[in-house]
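What Swiss-Prot says about this one:
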{"type": "BINDING", "residues": "52-53, Q130, 176-178, E196, R201, 242-243, 263-267, 273-274, Y322, G492", "note": "NAD(+) binding site"}
{"type": "ACT_SITE", "residues": "C410", "note": "active site"}
Amino acid sequence: MDKRHDPSRRIIAPHGTQLSCKSWLTEAPMRMLMNNLHPDVAERPEDLVVYGGIGRAARDWDCYDKIIEVLQRLEDDETLLVQSGKPVGVFRTHADAPRVLIANSNLVPHWANWEHFNELDKLGLAMYGQMTAGSWIYIGTQGIVQGTYETFVSVAKQHFDGISKGKWILTGGLGGMGGAQTLAGTMAGFSVLACEVDETRIDFRLRTRYVDKKATSLDEALAMIEEANQAGKPVSVGLLANAADVFAELVKRGVTPDVVTDQTSAHDPLNGYLPQGWTMAEAAAMRKTDEAAVIKAAKASMAVQVQAMLDLQTAGAATLDYGNNIRQMAFEMGVENAFDFPGFVPAYIRPLFCEGIGPFRWVALSGDPEDIYKTDAKVKELIPDNPHLHNWLDMARERIAFQGLPARICWVGLKDRARLALAFNEMVKNGELSAPVVIGRDHLDSGSVASPNRETESMLDGSDAVSDWPLLNALLNTASGATWVSLHHGGGVGMGFSQHSGVVIVCDGTDAAAKRVGRVLWNDPATGVMRHADAGYEIAKNCAKEQGLDLPMQD
(Lines of atoms letter the chains of each structure in order from A and count residues from 1; the text may use other names and numbers.)
(Lines give C-alpha, C1' and ligand atoms only; values in the text may rest on other atoms or scores of the structure.)
Protein backbone atom coordinates (compact mmCIF):
# COMPACT_ATOMS: atom_id res chain seq x y z
CA MET A 1 0.00 0.00 0.00
CA ASP A 2 1.31 3.42 -1.01
CA LYS A 3 1.24 5.65 2.07
CA ARG A 4 1.26 8.67 -0.23
CA HIS A 5 -2.02 7.81 -1.96
CA ASP A 6 -5.40 8.36 -0.30
CA PRO A 7 -8.30 9.29 -2.61
CA SER A 8 -10.59 9.77 0.38
CA ARG A 9 -8.73 12.91 1.45
CA ARG A 10 -10.24 16.30 0.68
CA ILE A 11 -8.23 19.04 2.36
CA ILE A 12 -9.69 22.53 2.78
CA ALA A 13 -7.91 25.10 4.94
CA PRO A 14 -10.00 26.74 7.67
CA HIS A 15 -11.31 30.23 6.98
CA GLY A 16 -12.16 33.02 9.38
CA THR A 17 -10.61 34.02 12.68
CA GLN A 18 -11.15 30.96 14.87
CA LEU A 19 -7.79 29.35 15.63
CA SER A 20 -7.00 25.64 15.58
CA CYS A 21 -3.46 26.37 16.79
CA LYS A 22 -2.10 28.38 19.70
CA SER A 23 -1.38 31.54 17.68
CA TRP A 24 -1.45 32.91 14.16
CA LEU A 25 2.26 32.13 13.88
CA THR A 26 1.42 28.41 13.86
CA GLU A 27 -2.09 28.69 12.41
CA ALA A 28 -0.60 30.28 9.30
CA PRO A 29 1.74 27.43 8.29
CA MET A 30 -1.03 24.93 9.07
CA ARG A 31 -3.51 26.72 6.80
CA MET A 32 -0.95 27.19 4.06
CA LEU A 33 0.07 23.53 4.12
CA MET A 34 -3.60 22.60 3.86
CA ASN A 35 -4.14 25.18 1.13
CA ASN A 36 -1.38 23.60 -0.94
CA LEU A 37 -3.56 20.47 -1.04
CA HIS A 38 -6.88 22.19 -1.77
CA PRO A 39 -8.54 20.39 -4.72
CA ASP A 40 -8.57 23.61 -6.74
CA VAL A 41 -4.88 24.24 -5.99
CA ALA A 42 -2.98 20.94 -6.12
CA GLU A 43 -2.47 18.89 -9.27
CA ARG A 44 -2.97 15.51 -7.54
CA PRO A 45 -3.99 16.21 -3.95
CA GLU A 46 -4.80 12.57 -3.24
CA ASP A 47 -1.09 11.84 -3.77
CA LEU A 48 0.08 14.98 -1.92
CA VAL A 49 1.37 16.26 -5.28
CA VAL A 50 0.99 20.00 -5.60
CA TYR A 51 2.67 20.76 -8.94
CA GLY A 52 5.74 20.18 -11.06
CA GLY A 53 5.78 16.43 -11.68
CA ILE A 54 6.03 15.01 -8.14
CA GLY A 55 6.40 18.21 -6.10
CA ARG A 56 4.79 17.29 -2.78
CA ALA A 57 3.61 19.14 0.32
CA ALA A 58 4.41 16.29 2.74
CA ARG A 59 6.24 12.97 2.42
CA ASP A 60 3.18 10.80 3.03
CA TRP A 61 -0.20 11.07 4.72
CA ASP A 62 1.13 9.93 8.09
CA CYS A 63 3.67 12.75 7.94
CA TYR A 64 0.99 15.23 6.89
CA ASP A 65 -1.22 14.26 9.82
CA LYS A 66 1.68 14.52 12.25
CA ILE A 67 2.72 17.95 10.93
CA ILE A 68 -0.83 19.23 11.50
CA GLU A 69 -0.89 17.69 14.97
CA VAL A 70 2.43 19.27 15.93
CA LEU A 71 1.52 22.70 14.58
CA GLN A 72 -1.66 22.63 16.66
CA ARG A 73 0.33 22.09 19.87
CA LEU A 74 3.44 24.12 19.00
CA GLU A 75 4.29 26.92 21.43
CA ASP A 76 5.42 30.39 20.37
CA ASP A 77 8.96 29.71 21.52
CA GLU A 78 9.30 26.37 19.72
CA THR A 79 10.44 25.47 16.22
CA LEU A 80 9.37 22.44 14.18
CA LEU A 81 11.99 20.89 11.89
CA VAL A 82 10.74 19.24 8.69
CA GLN A 83 13.11 16.99 6.73
CA SER A 84 11.89 16.25 3.20
CA GLY A 85 8.26 16.45 4.20
CA LYS A 86 8.66 14.57 7.49
CA PRO A 87 8.37 16.27 10.91
CA VAL A 88 11.51 15.14 12.72
CA GLY A 89 11.87 17.36 15.76
CA VAL A 90 10.53 20.19 17.91
CA PHE A 91 13.05 22.39 19.71
CA ARG A 92 12.87 25.28 22.12
CA THR A 93 14.07 28.47 20.40
CA HIS A 94 12.58 31.93 21.02
CA ALA A 95 9.63 34.07 20.01
CA ASP A 96 11.36 35.73 17.05
CA ALA A 97 12.73 32.47 15.63
CA PRO A 98 10.90 30.73 12.78
CA ARG A 99 8.12 28.42 13.89
CA VAL A 100 9.04 25.98 11.10
CA LEU A 101 12.34 25.23 9.36
CA ILE A 102 12.15 23.05 6.26
CA ALA A 103 14.79 21.22 4.21
CA ASN A 104 13.59 19.35 1.13
CA SER A 105 15.30 17.10 -1.42
CA ASN A 106 18.83 18.11 -0.44
CA LEU A 107 21.57 15.64 -1.45
CA VAL A 108 25.35 15.67 -1.22
CA PRO A 109 26.44 16.95 -4.67
CA HIS A 110 28.05 13.72 -5.92
CA TRP A 111 24.73 11.91 -5.38
CA ALA A 112 22.50 14.78 -6.46
CA ASN A 113 20.85 13.11 -9.44
CA TRP A 114 17.43 11.68 -10.28
CA GLU A 115 18.61 8.07 -10.15
CA HIS A 116 19.76 8.32 -6.53
CA PHE A 117 16.83 10.50 -5.50
CA ASN A 118 14.30 8.09 -7.01
CA GLU A 119 15.79 5.22 -5.00
CA LEU A 120 15.47 7.26 -1.80
CA ASP A 121 11.95 8.27 -2.79
CA LYS A 122 10.93 4.62 -3.21
CA LEU A 123 12.34 3.82 0.22
CA GLY A 124 10.35 6.65 1.79
CA LEU A 125 13.51 8.53 2.75
CA ALA A 126 13.09 11.67 0.65
CA MET A 127 10.49 13.94 -0.91
CA TYR A 128 10.72 16.22 -3.92
CA GLY A 129 9.57 19.62 -2.69
CA GLN A 130 9.78 21.51 -6.01
CA MET A 131 9.86 25.16 -4.90
CA THR A 132 6.62 26.23 -3.22
CA ALA A 133 5.05 22.76 -2.91
CA GLY A 134 7.18 21.58 0.00
CA SER A 135 7.52 25.08 1.45
CA TRP A 136 3.75 25.61 1.78
CA ILE A 137 3.32 28.84 -0.15
CA TYR A 138 1.91 27.66 -3.49
CA ILE A 139 -1.08 29.78 -4.50
CA GLY A 140 -2.13 27.97 -7.64
CA THR A 141 -1.21 28.99 -11.13
CA GLN A 142 -1.50 32.70 -10.25
CA GLY A 143 1.86 32.30 -8.54
CA ILE A 144 3.70 32.45 -11.84
CA VAL A 145 1.23 34.44 -13.95
CA GLN A 146 2.77 37.86 -13.45
CA GLY A 147 6.32 36.65 -14.01
CA THR A 148 5.20 35.00 -17.23
CA TYR A 149 3.25 38.12 -18.18
CA GLU A 150 6.32 40.31 -17.55
CA THR A 151 8.38 37.96 -19.69
CA PHE A 152 5.93 38.04 -22.59
CA VAL A 153 5.68 41.85 -22.39
CA SER A 154 9.48 41.98 -22.59
CA VAL A 155 9.42 39.61 -25.57
CA ALA A 156 7.01 41.97 -27.35
CA LYS A 157 9.22 44.97 -26.58
CA GLN A 158 12.44 43.31 -27.72
CA HIS A 159 11.17 41.55 -30.82
CA PHE A 160 7.98 43.27 -32.00
CA ASP A 161 8.37 46.94 -31.04
CA GLY A 162 5.95 46.36 -28.18
CA ILE A 163 3.16 45.17 -30.47
CA SER A 164 1.70 41.76 -29.63
CA LYS A 165 -1.65 42.13 -31.38
CA GLY A 166 -2.11 39.52 -34.10
CA LYS A 167 0.83 37.45 -32.88
CA TRP A 168 0.85 34.04 -31.23
CA ILE A 169 2.88 31.90 -28.86
CA LEU A 170 3.47 28.16 -29.20
CA THR A 171 4.20 26.30 -25.98
CA GLY A 172 3.76 23.02 -24.15
CA GLY A 173 2.48 22.09 -20.71
CA LEU A 174 -0.63 23.12 -18.79
CA GLY A 175 0.33 21.90 -15.34
CA GLY A 176 0.58 24.03 -12.23
CA MET A 177 3.32 26.22 -13.68
CA GLY A 178 2.72 25.84 -17.41
CA GLY A 179 -0.95 26.66 -16.94
CA ALA A 180 0.02 30.29 -16.37
CA GLN A 181 1.26 30.72 -19.92
CA THR A 182 -2.14 30.86 -21.60
CA LEU A 183 -3.58 33.56 -19.36
CA ALA A 184 -0.32 35.53 -19.14
CA GLY A 185 0.03 35.43 -22.90
CA THR A 186 -3.45 36.78 -23.60
CA MET A 187 -2.99 39.41 -20.88
CA ALA A 188 0.12 40.52 -22.79
CA GLY A 189 -1.89 40.63 -26.03
CA PHE A 190 -0.72 37.37 -27.65
CA SER A 191 -2.79 34.39 -28.68
CA VAL A 192 -1.43 31.15 -27.20
CA LEU A 193 -1.46 27.56 -28.42
CA ALA A 194 -0.51 25.25 -25.54
CA CYS A 195 -0.01 21.52 -26.07
CA GLU A 196 -1.01 19.20 -23.21
CA VAL A 197 -1.26 15.39 -23.13
CA ASP A 198 -3.52 15.24 -20.07
CA GLU A 199 -7.07 16.28 -20.94
CA THR A 200 -7.99 16.73 -17.27
CA ARG A 201 -5.39 19.50 -17.06
CA ILE A 202 -6.90 21.32 -20.01
CA ASP A 203 -10.35 21.00 -18.44
CA PHE A 204 -8.97 22.27 -15.12
CA ARG A 205 -7.50 25.35 -16.82
CA LEU A 206 -10.81 25.94 -18.61
CA ARG A 207 -12.67 25.75 -15.29
CA THR A 208 -10.31 28.20 -13.58
CA ARG A 209 -10.35 30.58 -16.59
CA TYR A 210 -6.72 30.15 -17.56
CA VAL A 211 -7.60 28.67 -20.98
CA ASP A 212 -10.29 29.99 -23.33
CA LYS A 213 -10.81 27.03 -25.67
CA LYS A 214 -9.96 23.34 -26.07
CA ALA A 215 -8.94 21.69 -29.35
CA THR A 216 -8.38 18.03 -30.17
CA SER A 217 -6.51 18.49 -33.47
CA LEU A 218 -3.74 20.79 -34.65
CA ASP A 219 -5.84 22.02 -37.57
CA GLU A 220 -8.66 22.96 -35.21
CA ALA A 221 -6.26 24.78 -32.89
CA LEU A 222 -4.57 26.71 -35.70
CA ALA A 223 -7.98 27.75 -37.04
CA MET A 224 -8.91 29.11 -33.61
CA ILE A 225 -5.66 31.07 -33.45
CA GLU A 226 -6.09 32.43 -36.97
CA GLU A 227 -9.69 33.48 -36.34
CA ALA A 228 -8.73 35.31 -33.15
CA ASN A 229 -5.79 37.06 -34.77
CA GLN A 230 -7.94 38.18 -37.70
CA ALA A 231 -10.43 39.60 -35.20
CA GLY A 232 -7.65 41.30 -33.27
CA LYS A 233 -8.70 39.62 -30.03
CA PRO A 234 -6.22 37.20 -28.42
CA VAL A 235 -7.32 33.69 -27.53
CA SER A 236 -5.73 30.84 -25.60
CA VAL A 237 -6.16 27.28 -26.86
CA GLY A 238 -5.37 24.09 -25.00
CA LEU A 239 -4.53 21.44 -27.60
CA LEU A 240 -4.77 17.80 -26.55
CA ALA A 241 -1.53 16.59 -28.11
CA ASN A 242 2.11 15.79 -27.41
CA ALA A 243 4.27 18.91 -27.65
CA ALA A 244 7.09 17.08 -29.44
CA ASP A 245 4.65 15.90 -32.12
CA VAL A 246 3.11 19.34 -32.61
CA PHE A 247 6.36 21.31 -32.64
CA ALA A 248 7.88 18.96 -35.22
CA GLU A 249 4.71 19.00 -37.33
CA LEU A 250 4.73 22.80 -37.50
CA VAL A 251 8.31 22.70 -38.77
CA LYS A 252 7.25 20.17 -41.39
CA ARG A 253 4.32 22.35 -42.48
CA GLY A 254 6.41 25.52 -42.55
CA VAL A 255 4.14 27.20 -40.02
CA THR A 256 6.16 29.56 -37.82
CA PRO A 257 4.72 30.97 -34.58
CA ASP A 258 5.86 34.40 -33.47
CA VAL A 259 7.11 33.11 -30.12
CA VAL A 260 8.12 29.59 -29.06
CA THR A 261 8.72 28.29 -25.54
CA ASP A 262 7.85 25.30 -23.33
CA GLN A 263 6.76 24.55 -19.79
CA THR A 264 6.28 20.81 -19.77
CA SER A 265 7.74 19.06 -16.71
CA ALA A 266 10.86 18.19 -18.69
CA HIS A 267 12.96 18.60 -15.54
CA ASP A 268 11.73 15.13 -14.48
CA PRO A 269 11.99 12.69 -17.42
CA LEU A 270 10.59 9.81 -15.39
CA ASN A 271 7.43 11.42 -14.04
CA GLY A 272 6.98 14.67 -15.92
CA TYR A 273 7.18 14.15 -19.68
CA LEU A 274 5.17 11.74 -21.85
CA PRO A 275 7.22 10.14 -24.65
CA GLN A 276 5.94 10.43 -28.21
CA GLY A 277 3.57 7.65 -29.18
CA TRP A 278 2.87 6.62 -25.59
CA THR A 279 -0.45 6.85 -23.78
CA MET A 280 -0.55 8.08 -20.21
CA ALA A 281 -1.63 4.62 -19.05
CA GLU A 282 1.31 3.00 -20.84
CA ALA A 283 3.73 5.44 -19.24
CA ALA A 284 2.25 4.87 -15.77
CA ALA A 285 2.63 1.10 -16.17
CA MET A 286 6.18 1.36 -17.50
CA ARG A 287 7.25 3.58 -14.61
CA LYS A 288 6.58 0.59 -12.34
CA THR A 289 8.44 -1.97 -14.46
CA ASP A 290 11.17 -0.21 -16.48
CA GLU A 291 12.10 3.28 -15.31
CA ALA A 292 15.18 3.42 -17.54
CA ALA A 293 13.09 2.85 -20.66
CA VAL A 294 10.70 5.65 -19.70
CA ILE A 295 13.54 8.09 -19.08
CA LYS A 296 15.28 7.21 -22.34
CA ALA A 297 12.09 7.56 -24.38
CA ALA A 298 11.12 10.82 -22.68
CA LYS A 299 14.52 12.39 -23.27
CA ALA A 300 14.48 11.24 -26.91
CA SER A 301 11.15 13.04 -27.36
CA MET A 302 12.55 16.14 -25.66
CA ALA A 303 15.38 16.08 -28.18
CA VAL A 304 12.81 16.07 -30.99
CA GLN A 305 10.98 18.99 -29.41
CA VAL A 306 14.12 21.05 -28.81
CA GLN A 307 15.34 20.43 -32.36
CA ALA A 308 11.98 21.72 -33.58
CA MET A 309 12.35 24.77 -31.34
CA LEU A 310 15.76 25.44 -32.88
CA ASP A 311 14.30 25.03 -36.38
CA LEU A 312 11.48 27.43 -35.56
CA GLN A 313 14.03 29.89 -34.19
CA THR A 314 15.93 29.68 -37.49
CA ALA A 315 12.64 30.33 -39.28
CA GLY A 316 12.20 33.56 -37.33
CA ALA A 317 10.38 32.70 -34.11
CA ALA A 318 11.49 34.41 -30.89
CA THR A 319 12.45 31.27 -28.99
CA LEU A 320 13.16 31.00 -25.26
CA ASP A 321 13.65 28.36 -22.61
CA TYR A 322 11.23 28.86 -19.71
CA GLY A 323 13.30 27.15 -17.07
CA ASN A 324 12.31 23.48 -17.19
CA ASN A 325 15.77 22.20 -18.22
CA ILE A 326 14.55 20.83 -21.55
CA ARG A 327 17.68 22.15 -23.29
CA GLN A 328 19.90 20.15 -20.95
CA MET A 329 17.90 16.98 -21.55
CA ALA A 330 18.13 17.44 -25.31
CA PHE A 331 21.84 18.22 -25.10
CA GLU A 332 22.39 14.94 -23.25
CA MET A 333 20.61 13.18 -26.13
CA GLY A 334 22.95 14.64 -28.75
CA VAL A 335 21.38 17.99 -29.68
CA GLU A 336 24.71 19.80 -29.49
CA ASN A 337 23.31 23.29 -30.09
CA ALA A 338 20.42 22.92 -27.64
CA PHE A 339 21.52 26.05 -25.78
CA ASP A 340 21.41 28.24 -28.89
CA PHE A 341 18.17 29.77 -27.68
CA PRO A 342 18.35 31.69 -24.38
CA GLY A 343 16.75 31.14 -21.02
CA PHE A 344 14.10 33.65 -20.04
CA VAL A 345 15.99 35.09 -17.05
CA PRO A 346 19.14 36.35 -18.80
CA ALA A 347 17.13 37.37 -21.85
CA TYR A 348 14.28 39.24 -20.16
CA ILE A 349 14.19 39.22 -16.33
CA ARG A 350 17.68 39.83 -14.92
CA PRO A 351 17.48 43.66 -14.86
CA LEU A 352 14.53 43.29 -12.48
CA PHE A 353 16.49 40.92 -10.26
CA CYS A 354 19.27 43.51 -10.02
CA GLU A 355 16.87 45.78 -8.12
CA GLY A 356 15.52 42.96 -5.96
CA ILE A 357 12.30 42.92 -7.98
CA GLY A 358 10.60 39.56 -7.95
CA PRO A 359 7.46 37.56 -7.12
CA PHE A 360 6.13 39.11 -3.91
CA ARG A 361 2.92 37.28 -2.92
CA TRP A 362 0.43 37.39 -0.08
CA VAL A 363 -2.52 35.29 1.06
CA ALA A 364 -5.63 36.22 3.05
CA LEU A 365 -5.86 33.69 5.88
CA SER A 366 -9.46 34.83 6.41
CA GLY A 367 -10.50 33.26 3.12
CA ASP A 368 -12.28 36.53 2.29
CA PRO A 369 -11.54 37.94 -1.20
CA GLU A 370 -12.33 41.43 0.09
CA ASP A 371 -9.12 41.32 2.12
CA ILE A 372 -7.16 40.88 -1.11
CA TYR A 373 -9.05 43.67 -2.87
CA LYS A 374 -8.27 46.00 0.04
CA THR A 375 -4.57 45.14 -0.15
CA ASP A 376 -4.66 45.68 -3.93
CA ALA A 377 -5.89 49.21 -3.25
CA LYS A 378 -3.17 49.73 -0.64
CA VAL A 379 -0.48 48.71 -3.14
CA LYS A 380 -1.81 51.28 -5.62
CA GLU A 381 -1.90 53.92 -2.88
CA LEU A 382 1.69 53.30 -1.79
CA ILE A 383 3.08 52.92 -5.33
CA PRO A 384 1.10 55.59 -7.20
CA ASP A 385 3.53 56.19 -10.05
CA ASN A 386 3.67 52.72 -11.59
CA PRO A 387 0.89 52.40 -14.20
CA HIS A 388 2.27 49.04 -15.35
CA LEU A 389 1.80 47.62 -11.84
CA HIS A 390 -1.66 49.18 -11.53
CA ASN A 391 -2.64 47.65 -14.86
CA TRP A 392 -1.47 44.25 -13.62
CA LEU A 393 -3.53 44.53 -10.43
CA ASP A 394 -6.62 45.55 -12.42
CA MET A 395 -6.19 42.65 -14.85
CA ALA A 396 -5.53 40.23 -12.02
CA ARG A 397 -8.75 41.19 -10.25
CA GLU A 398 -10.75 40.93 -13.45
CA ARG A 399 -9.27 37.77 -14.94
CA ILE A 400 -7.63 35.61 -12.27
CA ALA A 401 -9.82 33.19 -10.37
CA PHE A 402 -8.68 32.57 -6.82
CA GLN A 403 -7.65 28.99 -6.10
CA GLY A 404 -8.07 28.02 -2.46
CA LEU A 405 -7.36 30.87 -0.05
CA PRO A 406 -7.51 34.24 -1.87
CA ALA A 407 -4.05 35.43 -2.86
CA ARG A 408 -2.27 38.02 -4.94
CA ILE A 409 1.13 38.27 -6.55
CA CYS A 410 2.88 41.35 -7.86
CA TRP A 411 6.51 41.90 -8.75
CA VAL A 412 8.01 44.57 -6.51
CA GLY A 413 11.54 45.12 -5.29
CA LEU A 414 13.78 46.14 -2.44
CA LYS A 415 12.41 49.63 -2.03
CA ASP A 416 8.78 48.50 -1.77
CA ARG A 417 8.42 45.03 -0.21
CA ALA A 418 8.97 45.98 3.43
CA ARG A 419 6.82 49.09 3.33
CA LEU A 420 3.94 47.22 1.67
CA ALA A 421 4.18 44.46 4.25
CA LEU A 422 4.25 46.95 7.13
CA ALA A 423 1.15 48.60 5.68
CA PHE A 424 -0.60 45.23 5.50
CA ASN A 425 0.33 44.54 9.11
CA GLU A 426 -1.14 47.90 10.10
CA MET A 427 -4.36 47.04 8.20
CA VAL A 428 -4.66 43.87 10.26
CA LYS A 429 -3.99 45.84 13.45
CA ASN A 430 -6.67 48.44 12.80
CA GLY A 431 -9.27 45.97 11.57
CA GLU A 432 -9.29 46.92 7.89
CA LEU A 433 -8.47 43.29 7.14
CA SER A 434 -10.58 40.63 8.78
CA ALA A 435 -7.65 38.33 9.66
CA PRO A 436 -3.86 38.17 9.29
CA VAL A 437 -2.13 37.73 5.95
CA VAL A 438 0.97 35.75 5.11
CA ILE A 439 3.61 37.15 2.78
CA GLY A 440 5.98 34.94 0.83
CA ARG A 441 7.47 34.48 -2.60
CA ASP A 442 8.53 31.94 -5.15
CA HIS A 443 12.03 30.52 -4.72
CA LEU A 444 12.56 31.99 -8.18
CA ASP A 445 13.76 35.35 -6.88
CA SER A 446 16.81 37.52 -7.15
CA GLY A 447 18.84 36.31 -4.17
CA SER A 448 17.36 32.95 -3.27
CA VAL A 449 18.43 30.56 -6.00
CA ALA A 450 21.42 29.08 -7.77
CA SER A 451 20.34 27.46 -11.03
CA PRO A 452 22.82 27.63 -13.92
CA ASN A 453 20.22 26.65 -16.53
CA ARG A 454 17.62 29.10 -15.27
CA GLU A 455 17.83 31.96 -12.74
CA THR A 456 21.63 32.21 -12.68
CA GLU A 457 22.30 31.33 -16.30
CA SER A 458 25.07 33.40 -17.92
CA MET A 459 25.95 35.48 -14.87
CA LEU A 460 28.27 38.35 -15.70
CA ASP A 461 31.16 36.99 -13.63
CA GLY A 462 30.65 33.30 -14.44
CA SER A 463 29.31 32.46 -10.97
CA ASP A 464 26.28 30.59 -12.33
CA ALA A 465 26.79 27.46 -10.19
CA VAL A 466 27.85 29.10 -6.92
CA SER A 467 25.17 28.10 -4.42
CA ASP A 468 26.43 29.96 -1.36
CA TRP A 469 23.88 32.67 -2.12
CA PRO A 470 20.62 30.78 -1.42
CA LEU A 471 22.22 29.31 1.71
CA LEU A 472 23.09 32.80 2.95
CA ASN A 473 19.58 33.95 2.06
CA ALA A 474 18.00 31.18 4.15
CA LEU A 475 20.33 31.83 7.07
CA LEU A 476 19.65 35.57 7.02
CA ASN A 477 15.88 35.11 6.81
CA THR A 478 16.05 32.73 9.76
CA ALA A 479 18.09 35.23 11.76
CA SER A 480 15.73 38.04 10.75
CA GLY A 481 12.65 36.35 12.21
CA ALA A 482 10.71 34.84 9.31
CA THR A 483 7.78 32.61 10.31
CA TRP A 484 9.00 29.72 8.21
CA VAL A 485 12.09 29.25 6.07
CA SER A 486 12.89 26.49 3.59
CA LEU A 487 15.97 25.25 1.75
CA HIS A 488 15.42 23.00 -1.26
CA HIS A 489 17.31 21.27 -4.05
CA GLY A 490 16.21 20.50 -7.60
CA GLY A 491 13.19 22.74 -8.00
CA GLY A 492 12.24 23.84 -11.50
CA VAL A 493 15.10 22.17 -13.35
CA GLY A 494 15.47 18.88 -11.52
CA MET A 495 17.98 17.04 -9.37
CA GLY A 496 21.54 18.31 -9.51
CA PHE A 497 20.70 21.56 -11.26
CA SER A 498 19.49 23.98 -8.56
CA GLN A 499 19.50 24.98 -4.90
CA HIS A 500 17.05 27.53 -3.58
CA SER A 501 15.41 28.94 -0.48
CA GLY A 502 11.98 30.17 0.49
CA VAL A 503 10.59 32.51 3.12
CA VAL A 504 7.14 33.25 4.56
CA ILE A 505 6.18 35.73 7.27
CA VAL A 506 2.90 36.41 9.06
CA CYS A 507 1.42 39.89 9.41
CA ASP A 508 -0.79 39.44 12.48
CA GLY A 509 -1.14 43.10 13.36
CA THR A 510 1.15 43.04 16.38
CA ASP A 511 4.07 45.35 17.03
CA ALA A 512 6.34 42.30 17.26
CA ALA A 513 5.24 41.25 13.78
CA ALA A 514 5.99 44.73 12.45
CA LYS A 515 9.58 44.45 13.67
CA ARG A 516 10.02 41.02 12.12
CA VAL A 517 8.36 42.04 8.87
CA GLY A 518 10.53 45.13 8.58
CA ARG A 519 13.69 43.06 8.94
CA VAL A 520 12.73 40.08 6.80
CA LEU A 521 11.20 41.91 3.87
CA TRP A 522 14.11 44.32 3.66
CA ASN A 523 16.86 41.75 4.08
CA ASP A 524 15.38 39.12 1.77
CA PRO A 525 15.32 41.20 -1.45
CA ALA A 526 18.51 42.97 -0.36
CA THR A 527 20.37 39.67 -0.69
CA GLY A 528 19.35 39.65 -4.35
CA VAL A 529 20.74 43.11 -4.93
CA MET A 530 23.89 42.03 -3.06
CA ARG A 531 24.27 38.88 -5.16
CA HIS A 532 23.96 40.75 -8.46
CA ALA A 533 26.18 43.63 -7.33
CA ASP A 534 28.81 41.08 -6.38
CA ALA A 535 28.55 39.61 -9.88
CA GLY A 536 29.28 43.03 -11.37
CA TYR A 537 25.88 44.29 -12.56
CA GLU A 538 25.87 48.09 -12.56
CA ILE A 539 22.10 48.27 -12.02
CA ALA A 540 22.53 46.29 -8.80
CA LYS A 541 25.53 48.35 -7.69
CA ASN A 542 23.56 51.55 -8.18
CA CYS A 543 20.53 50.13 -6.39
CA ALA A 544 22.71 49.09 -3.45
CA LYS A 545 24.12 52.62 -3.17
CA GLU A 546 20.71 54.28 -3.50
CA GLN A 547 19.21 52.04 -0.81
CA GLY A 548 22.19 52.32 1.53
CA LEU A 549 23.18 48.65 1.58
CA ASP A 550 26.39 47.89 3.46
CA LEU A 551 28.33 45.76 0.96
CA PRO A 552 31.99 45.86 2.11
CA MET A 553 33.59 44.81 -1.18
CA GLN A 554 31.56 47.36 -3.15
CA ASP A 555 33.11 50.39 -1.43
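Backbone N, Cα and C define each Cβ position, glycine as well.
Feature map: Swiss-Prot annotations on the structure.
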residue: G52; record: NAD(+) binding site; DSSP (3 states): coil
residue: G176; record: NAD(+) binding site; DSSP (3 states): coil
residue: E196; record: NAD(+) binding site; DSSP (3 states): strand
residue: A243; record: NAD(+) binding site; DSSP (3 states): helix
residue: S265; record: NAD(+) binding site; DSSP (3 states): coil
residue: Y273; record: NAD(+) binding site; DSSP (3 states): coil
residue: C410; record: active site; DSSP (3 states): strand
residue: G492; record: NAD(+) binding site; DSSP (3 states): coil
Recorded positions compared (A243, C410) - the one with the fewest other Cβ atoms within 10 Å: C410
Residue among binding-site residues G52, G176, E196 with Cα closest to the Cα of the residue listed as 'active site': G176
Lowest local Cβ density (other Cβ within 10 Å) among binding-site residues: G52, G176, G492: G492
Local Cβ density at S265 (NAD(+) binding site) - other Cβ atoms counted within 10 Å: 28
